[in-house]
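When I checked Swiss-Prot for this same protein, it listed these features:
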{"type": "TOPO_DOM", "residues": "1-18", "note": "topological domain 'Virion surface'"}
{"type": "TRANSMEM", "residues": "19-39", "note": "transmembrane segment"}
{"type": "TOPO_DOM", "residues": "40-49", "note": "topological domain 'Intravirion'"}
{"type": "TRANSMEM", "residues": "50-70", "note": "transmembrane segment"}
{"type": "TOPO_DOM", "residues": "71-78", "note": "topological domain 'Virion surface'"}
{"type": "TRANSMEM", "residues": "79-99", "note": "transmembrane segment"}
{"type": "TOPO_DOM", "residues": "100-221", "note": "topological domain 'Intravirion'"}
């Protein structure tokens with residue numbers, strides 16, 4: 001350590017040599033999360049990624065608050081206060097949007113920090129909800145050897161004749177309806193179908209699915 005409290009080049013080089021292995025593992029973990037942590041690929045890594053994203057908000061806010069409290073000068077203190085306010089408002093808007101989406105879908109996927117778009121598929125007497133990165137005009141459904149995949153998500157076993165007549169895509173502000181259009185069976189247990197968006201409005205999902213698959217949304221009054 002130099003006399004003025006700074007770290008010399010040799011000391012910095014020694015620290016890097018000692019911590020190279022740990023730094024390598026940290027970067028490898030980030031690479032795995034960024035490259036493989038998708039909801040339709042590896043659910044375990046995806047959950048870890050979501051936990052990291054959730055923790056980044058309070059940690060970032062705490063860093064700016066501490067930077068404002070223990071400011072170097074008034075300029076850095078002012079910047080830290082401004083950034084703390086911005087991060088706080090962004091975090092608050094995330095919670096507002098998440099609770100609005102939860103009120104619409106009753107799904108814990110509503111608190112996903114990566115996206116606020118949810119696909120809702122009524123299947124086998126229940127509604128399967130999965131996250132989407134964007135809302136499309138057409139959503140494809142593929143059945144391969146009796147297993148249904150929709151928008152990249154595996155939804156379990158299903159025959160093409162048992163596909164729901166209607167699915168929805170929910171955001172914090174709207175609920176979009178998609179109607180089953182063209183469908184084609186391929187072989188005995190495979191096939192494909194397309195759902196076309198035909199209506200959008202301020203609705204909430206009808207989680208009571210004991211009746212018909214056709215009525216899966218209720219108008220928000």
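Using the three backbone atoms N, Cα and C, a Cβ is placed for every residue, glycine included.
Map these features onto the structure and tell me what's around them.
Same-chain residues lying 6+ beyond the ends of the topological domain 'Intravirion' (40-49) with a Cβ under 8 Å from its Cβ atoms: 32-33, 114, 130, 151-154.
On the 0 to 100 pLDDT scale, the topological domain 'Intravirion' (100-221) averages 84 in this prediction.
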Give me the DSSP three-state residue breakdown of the topological domain 'Virion surface' (71-78), ordered helix, strand, coil.
5 helix, 0 strand, 3 coil
